[in-house]
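Copied from Swiss-Prot, the annotated features are:
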type    : residues                   : note
BINDING : Cys68, His70, Cys87, His90 : [2Fe-2S] cluster binding site
BINDING : His181, His186, Asp306     : Fe cation binding site
DOMAIN  : 27-135                     : domain 'Rieske'
Amino acid sequence: MLSAEQNDKLARVGPGTPMGELLRRYWHPIGGESEFETKATRPVRLMGEDLVLYKDLSGNYGLMDRHCPHRRADMACGMVEADGLRCSYHGWMFDAQGACTEQPFEDTANPKGRYKDKVRIKAYPVRALGGLLWAYMGPLPAPELPDWEPFSWKNGFRQIVISVLPCNWLQGQENSMDPIHFEWMHANWSKRLRGETGPYGPKHLKIDFREYDYGFTYNRIREDTDETNPLWTIGRACLWPNAMFTGDHFEYRVPIDDETMMSVGWFFTRVPRDAEPYVQESIPVWHGPIKDAQGEWITSHVMNQDFVAWIGQGTISDRTQENLGLSDKGIGMMRRQFLRDMEKISRGEDPKAIIRDPAINKAIPLPTIHRDAVMEGMTAEEIEAGGALHLKRFIFQYGQPEHVLKMQQDAMRISQDNKGYVDA
């Protein structure tokens, strides 16, 4: 149980808040590169700030205040140029660093005045990696953008899924340190949703949480596993400060503001060895719905089930009403680490998992369950005969578009569908 003050300290992310200042020390995924194949600008809201993400005519990305500092026009309606974004209202232009480089009438009427030198727009660095676009909103110099090894994995079909959820980001991230929910939400509840009354999934017998350089792992033993199983020896990674890596996909929980978050999923499906070599030219990005046509929460897919649990806690979970147990040890570890990191940045120190040395920021390995299967692959026959459901259907989020399913089928060269976990 937390006090109301502690809860606010951990949840709220606006400029100047303790958690907001901490999260601004890290890079966050805010969109996908392929989204800009057909458009040049997109409005985004991040940690309570209204911004516009754009790709200029030179192919460079930028992120700046959504409102022009001249008369507050919407820069999302701006015109991209070779080296920046131009306001469509009066033509003022800004580069990726926020400098005003042109004021057409001012430059003509008073060329020596150089009024443009006195005007700037708020701007943040943007980088592309793994098909994602990443933003850094903290003090400079920016740390390294973590180059996780999975971003360079070969012979896999990748897709990026974005969903906007009406709840605070921390509810999503605390899920990254909660192994017991797999037993009940994804196994037992899924059976009930299928109309089954049993048997239930295997019980958890033992759990552990281990800190490492880039976050924590949760490790578990179920009735059907032992201490030699990768679920215990390797575990799954809670990546600091707001992500999870399961062994074949990333889940990022990006704060839009205090009451809204963006789930950004990056998924890798290893193609059969029969389909190698496979080179994916563009990583599709699609937006996953969270409600059906009747306005009911979607519960058929794994992450949609998670979303229901997070949203159900309220816009900002009232942690003063909690009663934590043994299964929640990881939640406590996470909260204490956030508070320690807030203290560190108040002293001018880097928080946990910041990378400054480019020499070590090269294909950084992560805890990966069933690593051999991911790296070496399986034959199409082995996949068809085996129980690896995630290689035969996209079970993680509802709403995979038909054209993305077709791309996945073409890559895998075996039958694919996008039915959910509940339909299994």
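Glycine is no exception: its Cβ is also placed from the backbone N, Cα and C atoms.
Mapped onto this structure are the features recorded in Swiss-Prot.
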residue : record                        : Cβ within 10 Å
Cys68   : [2Fe-2S] cluster binding site : 24
His70   : [2Fe-2S] cluster binding site : 16
Cys87   : [2Fe-2S] cluster binding site : 25
His90   : [2Fe-2S] cluster binding site : 14
His181  : Fe cation binding site        : 15
His186  : Fe cation binding site        : 18
Asp306  : Fe cation binding site        : 22
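Note on the domain 'Rieske' (27-135): its mean pLDDT in the predicted model is 98. Assigned with DSSP, the residues of the domain 'Rieske' (27-135) fall into helix, strand and coil as follows: 18 helix, 49 strand, 42 coil. Cys68 ([2Fe-2S] cluster binding site) and Asp306 (Fe cation binding site) are 38 Å apart (CA-CA, integer value). Taking the mean position of the Cβ atoms of His181, His186, Asp306 as the Fe cation site, the remaining residues of that chain whose Cβ falls within 8 Å of it are Asn175, Asp178, Phe182, Trp184, Met185, Val302, Gln305, Ala309.
Put simply, His186 (Fe cation binding site) is 54 Å from His90 ([2Fe-2S] cluster binding site) when counted between their Cα atoms. Excluding Cys68, His70, Cys87, His90, which define the [2Fe-2S] cluster site, the same chain contributes Pro69, Arg71, Ala73, Tyr89, Gly91, Trp92 within 8 Å (Cβ to the Cβ centroid), listed in sequence order.
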